[in-house]
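See structure below.
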Amino acid sequence: MAQVSINSDLGEWGLSTDSGERARLLQSPSVDIAPKSEGEAPPGGLGRGTTSTLGAIFIVVNACLGAGLLNFPAAFSTAGGVAAGITLQMAMLVFIISGLVILAYCSQASNERTYQEVVWAVCGKLTGVLCEVAIATYTFGTCIAFLIIIGDQQDKIIAVMAKEPEGAGGSPWYTDRKFTISLTAFLFILPLSIPREIGFQKYASFLSVVGTWYVTAIIIIKYIWPDKEMTPADILNRPASWIAVFNAMPTICFGFQCHVSSVPVFNSMRRPEVKTWGGVVTAAMVIALAVYMGTGICGFLTFGAAVDPDVLLSYPSEDMAVAVARAFIILSVLTSYPILHFCGRAVVEGLWLRYQGMPVEEDVGRERRRRVLQTLVWFLLTLLLALFIPDIGKVISVIGGLAACFIFVFPGLCLIQAKLSEMEEVKPASWWVMVSYGVLLVTLGAFIFGQTTANAIFDHPESGIIPLYWWDDIWTSFSRDSSGVKSGPTPLDSSNPAPFLPLHPGSAMDGRRGGLVSQKNLPPSSTSQLLHAWKPWVKR
């Protein structure tokens, strides 16, 4: 994921140097600062921009890469090894690229310039409102993840500066994680988030891009020339279960999500054509894939199944090269939080103005008071949640599910609606193929979102088990007696409602480390309880 920032400070690429412009591109249509001028629009649709094809590739790569790469080694561990991780990424890349092309096609057809405007125009009011709510929720959750990342990296840096072991008891109060996160947030993030414009962050944004590439380089170098004290744990060669592979999908969605910012990038090109855009996003995604695969493979092979959800936490605190990487990551999220907050605040502002029926051009004093109040509420809520949700993996899983909506669900709905509209007018011969593909995208996105939501709601905190393995749970519940001990096929009775199913070696994946845990040690899940409730019906 990807940061939502979509430009950098490289004038020779033909890109804008205004960070405020980056954020304005993602605003709600109700607070659009630069309204469309129909008189200047060429026959193809929208007015021409100034971004070259090469510049657009760089912008999309910049929008895609971000702090999400820290989670890719753990995603390889969750998927079941290098082969499974590579296969999953390659398969998802096809759908990710197609979603970007679909958004450009719908943007050109609807003459709209932002993601939510396209959804509004193509799918209607209800879907448009859901899209805006999803964007606000996604940016809110990503801000929480950024604060957790700051705390994780600061813990390592403070441990080196204080010259004491990590987690040692009796540490001074000023080294406490909650205090350091709060201090950093109040001193740096809050002042950067209150202003109406954020163009002054353009130089820091460029440094954050450099830092992202530096982190990848360090992880690869540390794998090639590892330190003596770093020994990998078990290296998984295959997934524990076929369904286990899907548990890595949210991380991949979070990493590759650049779809929200892709629509304004497409419309900023000198030649905003769908065919040209297809080449742009393909090249950009291949570059991003190389970075993520390099980070994921080398990080996973360095630490094995013991890799931390934040891979930098697996390295020793005393390593100076990694310490520089941690500093770059802190700088990256410090500058990305205000940009994400700006985008989320703009969407919330647009929803509020639309609900109240208020014009955008209103009293400046009222706007300032509302902006400060929105910023304070947003900031305090994200800070409190970051202090009490220390596991970055849980947050990435939830917002990764929302990222799947931007990558799959909304583009799929747009494709379905666009093709159905064309069918009413010209009845193209291939409309059913496109509609079927749109249904596939929506189904895949809904599956990922539903999976991550269920994981967040039904997680077992005492065991750390992710209940993704419901199919394994169903299977083993059919092959256990009433005491929970697995047994072989027996005549049909209350202790074995389905003797015809073969015995399955129950196992589940530990969501924090990727290790295997015996199914009989799991607390009873709602699925098992539901199946036992069916026993009288099965006997009848």
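The backbone N, Cα and C atoms fix where each Cβ goes, and this holds for glycine too.
What TrEMBL lists as compositional bias 'Polar residues' is 518-529. Annotated domain 'Amino acid transporter transmembrane' per TrEMBL: 50-450, in sequence order. Per TrEMBL, the feature region 'Disordered' maps to 486-529. Per TrEMBL, the feature transmembrane segment maps to 54-76, 82-106, 118-151, 179-194, 206-225, 245-266, 278-303, 323-348, 372-389, 395-416, 428-449.
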(request) For the transmembrane segment (245-266) and the transmembrane segment (323-348), decide whether they are in contact, meaning at least 3 CB pairs lie under 8 A, counting pairs 6 or more apart in sequence. (result) no
(message) Three or more CB pairs closer than 8 Å, sequence separation of 6 or more: does that hold for the transmembrane segment (278-303) against the transmembrane segment (82-106)?
(response) yes
(request) Rank 54-76, 118-151, 206-225, 372-389 by Cβ pairs under 8 Å to the transmembrane segment (179-194) and hand me the top one. (result) 372-389
(message) Contact between the transmembrane segment (206-225) and the transmembrane segment (395-416) is defined here as three or more C-beta pairs under 8 Å separated by at least 6 residues; is that satisfied?
(response) no
(message) Is it the case that the transmembrane segment (323-348) and the transmembrane segment (54-76) touch, counting contact as three or more CB pairs under 8 Å in which the residues of each pair are 6 or more positions apart?
(response) yes
(message) Counting CB pairs under 8 Å, which listed stretch among 54-76, 82-106, 206-225, 372-389 touches the transmembrane segment (118-151) the most?
(response) 372-389
(request) Report, as numbers and ranges, which residues of the same chain sit near the transmembrane segment (54-76): CB under 8 Å and 6 or more residues beyond its ends. (result) 1-8, 10, 13-15, 82, 84-85, 145-146, 149, 209, 212-213, 215-216, 219, 248, 251-252, 254-258, 261-262, 265-266, 268-269, 277, 280-281, 283-285, 287-288, 291-293, 295-300, 302-303, 307-312, 329, 332-333, 336, 392-393, 396, 514
(request) Take the transmembrane segment (82-106) and find every residue of the same chain, 6 or more past its ends, with a Cβ under 8 Å from one of its Cβ atoms. (result) 75-76, 115, 118, 121-122, 237-239, 245, 248-249, 252-253, 256, 258-259, 262-263, 266, 272, 274, 277-278, 281-282, 285, 289, 292-293, 296-297, 300-301, 407-408, 411-412, 414-415, 418, 437, 441, 444
